Amino acid sequence: MDWLTLLPPTVAIVVAVWKKDVIISLLAALFVAESLLVSFNLATGFLGVFDRIVDVFSSAGNTRILIFSLLIGALLSLIKHSGGVAAFVNWVSHRGLASNKRQVSALPTLLGIVIFIETNLSILTAGFISRDLFDKLKMSRARLAYIIDSTCAPICVIILFNAWGAYILSLLSGYELDNAVESLVYSIPYNLYSWLTLFLVFYTVWSGRVFGPMQQSEQNLANIQVEQEKTPDATSTSFMIVPLLVMIGGILFFMWYTGEGKILEGSGSQSVLWAVGLACLTAFIMLRFSSQKQPAGDLVKWSFKGMSDLLPLVTTVLLALALGNSMKALGTGEFVSQMVTENLPLWTVPALIFISAAIISFTTGTSWGTFGILIPIGVPIALSSGIPVEVVLAAVMGGGVFGDHCSPISDTTIVSSLAAGCDHLEHVKTQLPYALLAGGLSVVGFLVVGVSI
């Protein structure tokens, strides 16, 4: 049964490549996972698919993610119809702030670095603000999705004054470490994957060069006469900036509020949902009662149109969450970690923990879940073998983010596609070579580190 736990993610990958449809691939993988749980009783497995999908809604956090994703569609639609996006594009263009591809590519990169408090917040903000600028300079949405995805998550595990740092510290609290905070801080230089990924993003932004499927995507965009989408006339940048500021400020405030004064202990899903809802209300009020005086019926219609546009991505999130729960029940993560870390030479442990984290994150679609599985395994190995704890932590965190970047069922990858307005499989395909390059170099780096300790 142990090896069979790898069958669902394998099916997801094969079907996604074959059918070019992530929803079909997730449904197929979910059916296989549920059938495995009942000893390949296909009829019971089929019924289990529906129960597993319904079970997603038993988690308040999961339900908030799904509702927030729909509300994001409504917010985007309201901002777009307001003319605020067109006004913002005109504003940055007239001031020479987006006159070339390097400047436009730098904008989401800088936003991803500055807004390090929460991954979804930085991804959504950087993506929304940059979409029309990328279109104007004929840069692909896949490039935008790559930049925001490969900037925001690595930054969050390097600048650890955020929910990521608080979560990892909570996982370390049960071990006899001299100073858990110190171990976490000392892990930053060893987080090879995150540093290499950021370097590749900076190189792409500065040089304007891309490779692999991304290059083909850019060439296709340049060679095809794209029919320009009809957009509302430019009005005022406030119709875009104010709702986004409300969303950003709302997330920070509600993180503080739900954490009872401690922002790092707040509920991320609750804060994002409340903040996006507040931003939608702000946009609605501005459009209804400003000089535009848009009819309430039109605003509701635009909101539902925005939600419907994001329904495929929301369905992907729902199925990814369901599949993650199924594979947790199968014990996929535990099997991978035990398989990789048993009976190994000491110098290979950091590299193999990195590989193990990457596989678990790739197959489950969650870096945080990977941390929860591997830190309780890796830290005792480090303490008993004399390997520095910070090296093991860096391997787990870097591998978790690496697998996240490669996985079509990763929540951050899905949100990046959503924020950039990019086809999800296109984003995964075009980002994969960059992630594999950084991941391969990281394995070599951890082997060198292993030999030197």
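Each residue's number is its place along the chain shown, starting with 1.
Glycine is treated like the rest: Cβ placed from N, Cα and C.
Curation plays no part in TrEMBL annotations; they are all automatic predictions.
What TrEMBL records for 156-451 is domain 'Na+/H+ antiporter NhaC-like C-terminal'. Among the features that TrEMBL reports, transmembrane segment is placed at 22-44, 65-89, 109-130, 151-172, 192-211, 239-259, 271-289, 310-331, 351-374, 381-402, 434-452.
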Self-check item: Contact between the transmembrane segment (271-289) and the transmembrane segment (239-259) (at least 3 Cβ pairs under 8 Å, separation 6+)
Solution: yes
Quiz item: When each of 22-44, 239-259, 351-374, 381-402 is checked against the transmembrane segment (109-130) for Cβ pairs under 8 Å, which one has the most?
Solution: 239-259
Quiz item: Are the transmembrane segment (22-44) and the transmembrane segment (310-331) close, by which I mean at least 3 Cβ pairs under 8 Å that are 6+ residues apart in sequence?
Solution: yes
Quiz prompt | Recorded stretch, among 65-89, 192-211, 239-259, 310-331, 381-402, maximising Cβ pairs under 8 Å relative to the transmembrane segment (434-452) | solution = 192-211
Self-check item: Non-local residues, at least 6 beyond the ends, that sit with Cβ under 8 Å of the transmembrane segment (310-331)
Solution: 5, 8-9, 12, 22-23, 26-27, 29-30, 33-34, 36-37, 49, 52-53, 55-56, 62, 65-66, 69-70, 72-73, 76, 363-366, 369, 409-411, 414, 417-418, 424
Exercise. Pop the mean pLDDT for the domain 'Na+/H+ antiporter NhaC-like C-terminal' (156-451) in here, whole number is fine.
Key: 83
